[in-house]
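See structure below.
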Amino acid sequence: MAEATKKMQVSDEVAIQISSMNKWYGQFHVLRDINMTVHRGERIVICGPSGSGKSTLIRCINRLEEHQSGRIVVDGTELTNDLKNIDKVRSEVGMVFQHFNLFPHLTILENCTLAPIWVRKTPRKEAEETAMHYLHKVKIPEQAHKYPGQLSGGQQQRVAIARSLCMKPRIMLFDEPTSALDPEMIKEVLDTMIQLAEEGMTMLCVTHEMGFAQAVANRVVFMDQGQIVEQNAPKEFFSNPQSDRTKLFLSQILGH
Amino acid sequence: MSDSSFVRTQMLPPEVPPLTERGLVRWMRENLFSSVLNTVLTLAGLAFVIYAVAATLPWFLNGVWNAKDIKECREIVLANAGPEATGACWALIRERWHQFLFGFYPADLYWRPVLALGLLLVSLAPLLYYSMRRANLILVGTVSVLTLIALALLAPGAALLVLFAGLFAALTAVAWYAPQKLVWLTLAFPLLAFALLWGGSVWGPIGVAAGFGILALVYSLTKSFLGVVVATGAGVVAAAVWWLMVQTSVTTALHGAIPLGIQAVNSDQFGGFLLAFVIGVTAIGASLPIGILLALGRRSDMMLIKTLCVGFIEFVRGVPLITVLFVATLLLGYFLPPQSNFDLILRVIILVTFFSAAYLAEVIRGGLAALPKGQYEAADALGLDYWQAQRLIIMPQALKVSIPGIVSSFIGLFKDTTLVAFVGLMDPLKGVTTIVRADVAWKGIYWEPYIFVGAIFFAVCFGMSRYSMYLERKLKTDHR
């Protein structure tokens with residue numbers, strides 16, 4: 001894995017720029033003065049206690065959640081109320097959810113070809129070829145004509161990853177992708193994500209898989225109470241945490 | 001050696017369960033005679049069934065089909081079964097069936113509604129069975145044969161009959177080779193049926209179609225700068241102006257220039273099941289899309305649209321259908337421009353459609369609410385726009401969940417078409433039956449017409465119900 005990490009180069013190009021971003025749910029201040037720059041090729045793991053706003057943060061990046069002040073610029077497109085910009089960002093940014101959110105009324109293949117056909121206007125045949133390519137990559141091409149309900153959780157999550165990849169996104173967001181999985185299925189999903197990281201995908205990943213963070217992340221961001229408390233390279237972050245809050249968090253999740 | 005050790009030397013072969021624990025005997029023991037109370041209830045139920053059958057079966061068996069009035073019916077029953085016997089007088093149905101089916105539609109033109117019904121069933125095929133060849137072929141083939149037999153019996157003339165035979169043969173061929181292509185018939189059917197049933201100048205239906213053309217044109221011209229919703233509204237307004245203000249004069253002028261058409265039949269000649277089907281089918285077909293839009297509007301973030309939809313739904317659901325029908329006959333007349341010739345049946349159809357749409361909207365809203373939020377988010381995250389997400393992700397799932405409710409609404413709507421009797425239209429249940437029973441020859445007849453009408457309603461509604469169950473099974477992909 002060390003060899004692989006060498007291949008994962010980070011460029012100077014900025015992929016996501018978040019500056020002084022704030023978000024409220026009604027009166028509740030969920031995200032407070034978030035400043036963050038993500039470069040192309042970076043793999044960022046976001047962790048923190050539940051309710052710390054980590055999921056909300058990455059959901060702001062493709063505007064599943066609206067922010068109320070500050071700026072978010074994704075791939076040079078600023079997220080505002082302009083629907084065209086939002087659709088543009090969404091088609092460039094893939095997202096994988098905790099509960100997979102596959103479309104149960106469509107087959108695996110249809111799940112993967114839907115967005116390319118309707119959003120990208122790719123011809124059906126080409127979209128199906130691309131879909132089969134990515135299904136091969138996540139190692140379940142033989143399930144292409146089944147429905148999501150017939151697959152295991154781990155397989156469904158890999159389909160969800162393939163579905164996002166079919167849009168050829170430049171950035172991938174992962175929102176606790178392994179939290180709803182049985183322990184023996186976590187590995188197959190993480191392996192797919194590691195493979196993706198090795199290919200140079202820009203990734204933001206909310207996860208509690210600290211092994212994954214150590215293996216592929218080049219930065220770990222720790223959040224608490226809607227704020228970024230600490231961020232560092234994984235080695236530093238785990239061996240030498242600075243703030244007391246981080247130390248407490250790490251002692252709790254690594255302590256058993 | 002201890003007593004607990006045991007080694008099997010021979011494996012046991014499987015045996016059938018004892019007699020009392022299998023087949024019919026077991027089923028009866030479990031379901032009919034499982035306790036003293038159940039045994040008593042079973043026997044009581046059996047006694048009731050025997051009594052009910054004994055009371056009604058002779059009435060059916062003594063039924064008379066050939067008689068010229070009710071007096072003759074009674075004489076025949078008396079002669080055949082003795083003074084104490086009762087007997088049904090089906091001769092009434094035999095003599096008046098055409099009124100139950102067509103009302104006062106001209107007898108020499110019966111082939112037109114029959115043809116329209118045949119085409120209706122053919123144009124339903126691609127909707128009911130999508131592109132399934134076998135199912136499409138069976139439905140279209142059966143309908144074609146039955147329609148042709150009916151048409152032949154109605155004898156509209158040899159030339160027409162050959163034409164229809166060719167038409168239905170062609171439709172059957174299409175159903176086998178390219179079932180999806182039948183959708184074109186489905187799209188054309190409303191105007192085709194309108195032209196067949198009401199007849200008159202061909203320019204009338206073309207004028208109506210032109211209204212939809214205007215709608216589409218205005219929509220496509222203004223969509224880019226007004227947005228989908230406002231552009232649709234503008235299109236609807238333009239089409240309404242055309243239909244209400246302009247169309248009549250234009251079609252009259254065109255008919256003056258090129259008089260093409262078939263014999264016109266006035267709305268007041270419609271009646272019986274023809275009327276029930278015209279109102280029911282049109283309202284069912286039109287209320288589903290309107291109901292979907294209302295349901296989406298009610299969940300919209302846009303304040304104005306949401307308020308309008310909520311207001312409409314709550315108002316319509318709060319008002320009895322009969323009130324709405326009275327509005328159709330009386331009030332609407334005052335608000336319409338005097339030169340607009342707004343047919344009573346059409347008015348009733350429009351209001352029944354809106355009435356049913358309000359109920360459907362709530363049923364569909366239930367389906368929408370049943371979808372997990374993740375489905376919306378996944379559709380958004382993939383970059384699908386609102387209408388794409390609705391059409392490809394949300395509606396297929398929400399409608400599937402709502403099938404039982406939607407079909408219930410449809411069945412209710414179809415049966416409610418009998419309420420048009422209250423505004424003077426000749427529905428099969430009250431309208432036609434009252435007329436038939438008022439005839440001196442049949443005075444005193446009571447059960448027969450209601451049983452006949454009820455049986456047809458039951459057949460149609462039961463068919464809808466069975467189809468919905470089939471559809472639910474077919475669309476079940478979640479493997480829960």
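Positions of Cβ are set from backbone N, Cα and C atoms, glycine also.
Note: TrEMBL annotation is automatic and uncurated.
Per TrEMBL, these features apply:
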DOMAIN    B:273-468  domain 'ABC transmembrane type-1'
TRANSMEM  B:36-61  transmembrane segment
TRANSMEM  B:110-130  transmembrane segment
TRANSMEM  B:137-154  transmembrane segment
TRANSMEM  B:204-221  transmembrane segment
TRANSMEM  B:228-245  transmembrane segment
TRANSMEM  B:273-296  transmembrane segment
TRANSMEM  B:308-332  transmembrane segment
TRANSMEM  B:344-364  transmembrane segment
TRANSMEM  B:401-425  transmembrane segment
TRANSMEM  B:445-464  transmembrane segment
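Counting C-beta pairs under 8 angstroms (sequence separation of 6 or more), the transmembrane segment (B:273-296) reaches the transmembrane segment (B:401-425) with 3 or more such pairs. Looking at which of B:110-130, B:308-332, B:401-425, B:445-464 has the most CB pairs under 8 Å to the transmembrane segment (B:137-154), the answer is the stretch B:110-130.
Taking Cβ pairs closer than 8 Å, the transmembrane segment (B:445-464) reaches residues 70, 88-90, 92-93, 100, 273, 407, 410-411, 414-415, 428-429, 432-433, 436-437 in its own chain, all 6 or more past its ends.
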